[in-house]
Protein chains: 2
Amino acid sequence: MQTVKLAIAGFGTVGTGLARIIEENKDVIFARCGKKFSITSVLVRDLNKQRDYFPGPDVKFTNDLDEFTSSPDVDIVVELMGGTTVAKDIVTKALEAGKHVVTANKHLLAEHGIELFEIAAKNNVGLYYESSVAGGIPIIQSIKESLAANRIKSIVGILNGTANYILSEMSTNGLEFDTALEQATRLGYAEADPTFDIEGIDAAHKVVVLTRIAYGKDYPLAKLPVEGITRIEGQDIRFAREFGYRIKLIGQVRDVGGKLEAGVFPALVKYTLLLARVGGNYNAIRVEGNAVGPAFFHGQGAGSLPTGSAVLADIMALSKTDTPDNTGFCNAPIEKADILAPEFATSEYYFRFSVMDKAGVMAALSKCLAEHNISIAQAVQKGNPDDKEIPVVFTTHKASTKDVNSALAEIDKMPFITRKTLSMRILKG
Amino acid sequence: MQTVKLAIAGFGTVGTGLARIIEENKDVIFARCGKKFSITSVLVRDLNKQRDYFPGPDVKFTNDLDEFTSSPDVDIVVELMGGTTVAKDIVTKALEAGKHVVTANKHLLAEHGIELFEIAAKNNVGLYYESSVAGGIPIIQSIKESLAANRIKSIVGILNGTANYILSEMSTNGLEFDTALEQATRLGYAEADPTFDIEGIDAAHKVVVLTRIAYGKDYPLAKLPVEGITRIEGQDIRFAREFGYRIKLIGQVRDVGGKLEAGVFPALVKYTLLLARVGGNYNAIRVEGNAVGPAFFHGQGAGSLPTGSAVLADIMALSKTDTPDNTGFCNAPIEKADILAPEFATSEYYFRFSVMDKAGVMAALSKCLAEHNISIAQAVQKGNPDDKEIPVVFTTHKASTKDVNSALAEIDKMPFITRKTLSMRILKG
């Protein structure tokens, strides 16, 4: 009987969950893979912090980075600290010391993944990261193994539970953005600094990771178009509903004639799609392959035990293999993606114009859109004659981002416009 | 560069799909796993049959079983014939000859899986079967690998696309069962003999396979309670809708205090659940683990390319490993399941009584249910005074199958009952 020794960097929510699963499910884990897993050391910032769960008396807690990384008595290093500085150092040293690494750190992978995969390859060790995208949902393994025979046409996901919780609360309980964010923070769904979640940055990290595993290509984070949910108002949620849509923060990558189009953006999702039904802080991903068709995955995108479940799946997988496959393209180097310039992306759109209620407004808006090849599908104007500002909402047929950008730049300079126009893509299928 | 040689038994829908994917996606397959896959021989019944797709001039077509099985020039045998006679023979011979086997045959696995796994283990070869359950949805791999750290609490699935298509048509287009079945047959969604699909037998095979991979236990097919959809009428679909449910054919296994409760039955599924949203001939499965929580998978449960995608995933996985894991419990033998006797299962229920419209009917029904510890949640009676038969529908709080069976046996003997009462379980979460 073999015992696999684990060193864990970071013992917060996920680390604690991992330790609990190792203890509570050890019989089924042993039956499944014939191995025992034992935590030998844990790196923490504060040795004196009160903790809900301790993984047994034999586990050495340390706050000394050198002591942690130099321990020879380790098979797999588990990085659960987050961030890109100390975490990068720990992962690099572990790989160079010939140890497998399991990480939940999408930020690190998005920024430095290519470099880290190279170090792992040089040392013939695994760098696994199932938990870095969509928590407990087995999306990395599924794309890497189960859908490996497919040419991936697109991946569309709800990849950030905090943003989805906020949008769901706005939709279900009629809250405005600020109130919903406040509530998410109070309930512990949003971090003290929610920037990464609400500005789409966390989802962007995940899109970069998904793009690599699906296409074997690197779409640099810095080039990814990213838009958050902070400009969405209660009225947008209600307009969307009237038209038969729910607003979701979407992370997407798709193959458009051999080029990759990727991005993070809020979108109106047709209510009949399963993606529109993803509530609260859940995550979901739809992968479309040229053989499998659309495959949809839904589950807990974060949290102690769900993320711990994904971390442990990686640990168990690495404990069984002599030939780890980190990128899913073991026979091809990860090369720079051939990127579809964002302005050439096409989509149906939702525009909410904020205007003064004057004669000729609708005509001016329609004329400008038509001049930029944008064809209107539906239009709604609301409000009372006394309102200082009223919303005019259009949905459009397919238009290019370029045309949309130039039309809206022109419109936003028109004298009757009271605030910057909000535009969102529409996803129907 | 290594070429993996495949022999395919059966070249119908799935075999053709597999051959097409191998050809059309060969570049991405090679990039992903560094191997080429080549079909060397194909076993068919009729050599002269017109075929839509031929896998190249080097492929030897034969209708001679001995010639097919004795060919030494094969790494993996792919069994896509279905049935349990010739297919069993082919799989057994291949395993005994030290060849890996990939099969889509849930019927064979449900009936003879234990024996075949033993032969595979003795010969240290793989017997993989991702495509046997839910077509393209990667449920076997996900339970075996990605959720391996979990104690599985339950699996609830829509596992038969034909039955789901029929129920969806009854629900969406108001068809009665016979018309919907006729339409499914005409469109090729149902086979000439649809018994396995509409009587729940095909779903039962899949429940046996899922139970093994999730729990490492054998729930004998012969002991599984199985009920099909043939008694469901348009009025049941409409009543269910009124109460906020959709009717689905469910395959289920769950851990009830250490015993396994499993079965196939039509059920009313709360409309808010993703399972209720599974339309047409799609499949879906919800797995609940004690760490991951609920994970939901949705996709094409059948068809040429989706099933081919799953078959090829198994082939690619086997081509990479020296230690195939067939059962997901490589360190524990598959033992007989400790079964919860079906009469002790508990559930909320839907009853549709067919009665003559007489005074005292409602009182007699309610009294009998109360005497059997069945508590009523909602009740509806419809119909006109002139009707010879009217439906009375109750939904109940949790009741045991035993109590339900004895209550309904008693009620069905009452003089005002015109036809056997229809009962279905209710799934709310």
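Every residue, even glycine, has its Cβ placed from backbone N, Cα and C.
Classification of A:Gly12 (NADP(+) binding site) by DSSP places it in coil, neither helical nor stranded. In sequence order, A:Leu80 make up the list of same-chain residues 6 or more apart from A:Gly12 (NADP(+) binding site) whose Cβ falls under 8 Å from its Cβ. Taken from TrEMBL, the feature NADP(+) binding site applies to A:Ala9, A:Gly10, A:Phe11, A:Gly12, A:Thr13, A:Val14, A:Gly15, A:Thr16.
For A:Lys106, the entry in TrEMBL reads NADPH binding site. Of all the Cβ atoms in the protein chains shown, 26 others lie within 10 Å of the Cβ of A:Lys106 (NADPH binding site).
Under the DSSP three-state reduction, A:Glu191 (L-homoserine binding site) is assigned to coil, being neither helix nor strand. As annotated by TrEMBL, L-homoserine binding site applies to A:Glu191.
Using a 10 Å radius centred on the Cβ of A:Lys206 (active site, proton donor) and all shown protein chains, the other Cβ atoms total 26. According to TrEMBL, the feature active site, proton donor maps to A:Lys206.
Summarising the annotation, TrEMBL assigns domain 'ACT' to A:350-425.
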Proximal residue to A:Ala9 (NADP(+) binding site) among recorded positions A:Lys106, A:Glu191, A:Lys206 (C-alpha distance): A:Lys106
Nearest-integer angstrom distance between the alpha carbons (Cα) of A:Gly10 (NADP(+) binding site) and A:Lys106 (NADPH binding site): 15
Cβ neighbour count within 10 Å of A:Ala9 (NADP(+) binding site): 26
Candidates A:Thr13, A:Gly15, A:Thr16, A:Glu191, A:Lys206 (recorded positions) - the one closest to A:Lys106 (NADPH binding site) by CA: A:Lys206
Alpha-carbon spacing, A:Gly15 (NADP(+) binding site) to A:Lys206 (active site, proton donor), which is rounded to whole Å: 20
Least buried by Cβ count (within 10 Å) of the binding-site residues A:Gly10, A:Thr13, A:Val14, A:Glu191: A:Glu191
Cα proximity to A:Glu191 (L-homoserine binding site), best match among recorded positions A:Val14, A:Thr16, A:Lys206: A:Val14
